[in-house]
Amino acid sequence: MLLELTGITKKYGDFFANKKIDFSLEENEIHAIVGENGAGKTTLMRMLYGMETPTEGSISVRGIKHKINNPNEAIKLGIGMVHQHFMLFPSFTIAENIVFHHEPKKGILYNRKKAEEEVAILAKKYGMNIDPSQLISDAPVGVQQRVEILKVLYQGADIIILDEPTAVLTPLEVKDLLISLRNLSKQGKSIILITHKLNEVMQVTDRVTVLRDGQVTGSLKTKETDTGHLSKLMVGRELAKKEKTEVKVGASILSIEHLNIIENSSKKKLLEDINFQVKAGEIVGIAGVSGNGQSELIAAITGLLQVNEGSIHLADIDITNLSVRQIREAGLAHIPEDRYLWGSAKTASVEDNLMMTEYRKKAFQKNGILHTNVIRKFAKETINKFSIKTTSQEESAQNLSGGNLQKLIAAREIQQNTPFLLAAEPTRGVDIGAMEFIHEQLLMKRNNGDGVLLISSELSEILSIADRVLVMFEGKIVGEFTQADVSDEKISLLMAGGKHEQG
Amino acid sequence: MNKVKNSASKMMQPLLAIVVGLIVGAIAMVLAGESVLNTYHEMWKGAFGNFYFFTSTLERSIPIILAGLGVAFAFRAGFFNLGAEGQLVLGAVTTAIVVVYLPFTGVIAIIIAIFSGMVIAGLWSFFAGWMEQRFQINLLISTLLLNYIAVLFAGYLVSEPFRDTSSAGGVPQSVMINDAVKLPALFEGTNLHMGFIFAVVATIILAFIIKRTTFGYEVRMLGQNRFFAQYGGINRKKVMFTSMLISGMLAGLGGGVEVLGMHYRFIEGALTTPQFAWTGLMAALLANSNPIGTAVMAIFLAALDTGSLGVERNTDVPNAISDIIQAVLIIFISARFTFTFLKLKKKEGKKHGKSI
């Protein structure tokens, strides 16, 4: 056995982040660790990588017990970690980033030529396509990730830990990454893959270990399991099958015509001739890799960005360039892209965060004086109704888990009963339980005869709940599909800038 | 229970700062060769020892409370108003001049004079807010620099056009106000005047506005996350202008009541030398911009000043002891800012090792 963790326990105060975890990794194996947020995946890997020390239990590498006190010791044992957020120098070349701290020298000088040669050889060996002299800042995200992996390999790692590696990638890049992982394992490397995307687990891994509440709930051969079983182990119960009832599509709720947004300084078109409608009783999904104009579209609809040309109508009211408040009064609810930046004030209480879209309403204030009792009751009810996990409504939002904060935001926006909801990345970084809940809420809203615009870089999310799918690429809408003729491949191609072949 | 724990931990920081301040003060006393207990006893007596000292301490706290409330309010909305000094002085000089030139006296004259002082001070602060909106001029810098203009201009007014020429030489000052427009003392034979009531009322009103009104909600949300506020439809410009205006008006009120209740004229330097505005800023920061906390801290800081006079009278420790203790408090306040900043950095760093 290459790596063996036995009886690992990590206690923070009275709280068990990990409890008696056994985990093993064989040579050439790809072993996934899956689990919801807070299940203890990260804690476990941090202990393996020397960033935390276990309260109990032992770690042995190739049969010998080791105490790993810091990442340097882990690297010496051949353990390398690719973090979810890349740690690269943008102004350095790819080769420089890879050899950093282990630079080949010529006397006391850095040997650029040798570094680039070594990196090129390494990349070729593992079948990863990179240009060693390219600057990191010019490299796409997928390439940056390859650099991270090569960096770990250059340091001599045999065991590679990948933390949510596909979270930032496009579907095509994901495909490439999975191929690379297979290659690596064929060439003698062993991989630990932390993820919550079960279809990737099914595609590429040999074994899966499932964590829930800090404990192992299952360790299985991938061949002998399926996604349904794995999610049951993760969540602790069966996930309800989403049933989509037929809803009669009604009149147009949101209608966008010839929308153009031009950047002030560069005169670059951020949005170009956008036209679409969201009708009553439908969920329209906008698919696309982040950064292709979705943020600008969201900002334009919600009044956060000035529109240069074109018009936006919400329930028959022209809301083009109205203030946020006017647009909200016209019937907008908005789950924002970034829950920490736009969606909440983390130092404010749960109650205050819930009031943002309510405090002006008659029920909650009179002549500018807030009805604190009504507010308290409302907050309590909302917390119960949407099962937001918090110690009290006075708790500050920063103490809520990501998924719970997202539930709070969704609850706030959905409860307003507006005719239109813009949901941007509504389930980014939340666990399966919360994701299921939010999707249910969006579907309920649709079934009520309201219009929902779902903007998400998570293709599976769009495919599972949208009635109609638009694809955005470089500020334009490059394709439209109905639920009947939509497919993963067609959208992936368009998302990556490919041409849409009709018929 | 959680609420209690929360507010307890919020109280801990300023309390810890004060305790350490007093310990450092004690070290200074030892170095000066005096008994620590005795010196602190003298300080206590100087600040609260008898009714007269007690009321003097409260009197001293009036401009500190009002300037502090102004800073606290703007800070709650996320704006750092460092211009309390200028606003205080403008409020004072305006009140002093208006009250002398009004054709009548009495309560109405007092109200008009104080109100004009508040308006001028409010507009001065508003002006900084407007420059931030219009020209993106950093508030921290504009409010700070506007202090110099305001203080020097007020000095000019009482040195030239409005100088009291009846007394030759001496400090530039305006004409003595009529007895009928003086703010009455609260107790016979003490300095403590009506202004203290104003300060207490202002504290309560401000606490109410922040906690219980829609405007207060907008102020708090804007101060805690301006993007969240914008997303929810809060008009940043409106809240900023209003909060800067109110902030300046509070400092202006502090200047006005000092003129009508204490000095009975505007004397150059009388409001700047004792550092009222800066002490007010410190009170607001120590109290995390909580209005009631700000008022309590203001009284504490005023007590340090009046108490140290008592110390100087009765021991060999100079009254600079108050400065030493306050310096420690300043270090604590800046340490807290740095600490929050570092924690934030560390958190960002931690995120890198985190899976979703």
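Cβ from N, Cα, C; glycine included.
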Transmembrane segment range according to TrEMBL, out of B:9-29, B:324-344: B:324-344
Highest-contact recorded stretch vs the transmembrane segment (B:281-304), from B:51-75, B:108-127, B:139-158, B:192-210, CB pairs under 8 Å: B:51-75
Outside the transmembrane segment (B:51-75), six or more residues from its ends: residues with CB under 8 Å to it: 45, 81, 84-85, 87-88, 125, 186-187, 189-193, 195-196, 198-199, 202-203, 206, 210, 219, 223, 243-244, 246-251, 253-255, 257-258, 261-262, 271, 274, 276-277, 279-285, 287, 289-291, 294-295, 297-299, 301-303, 305-307, 310
Beyond the flanks of the transmembrane segment (B:108-127) by 6 or more, those residues with Cβ under 8 Å of it: 70, 74, 81, 83, 86-88, 90-96, 98-99, 102, 143, 146, 150, 180-181, 183, 241, 244-253, 255-257, 259-260
Chain residues outside the transmembrane segment (B:192-210) and at least six past its termini with a C-beta under 8 angstroms from it: 55-56, 58-59, 61-62, 65-66, 69, 72-73, 76, 183-186, 216, 219-220, 250, 253-254, 257-258, 260-262, 290-292, 294-295
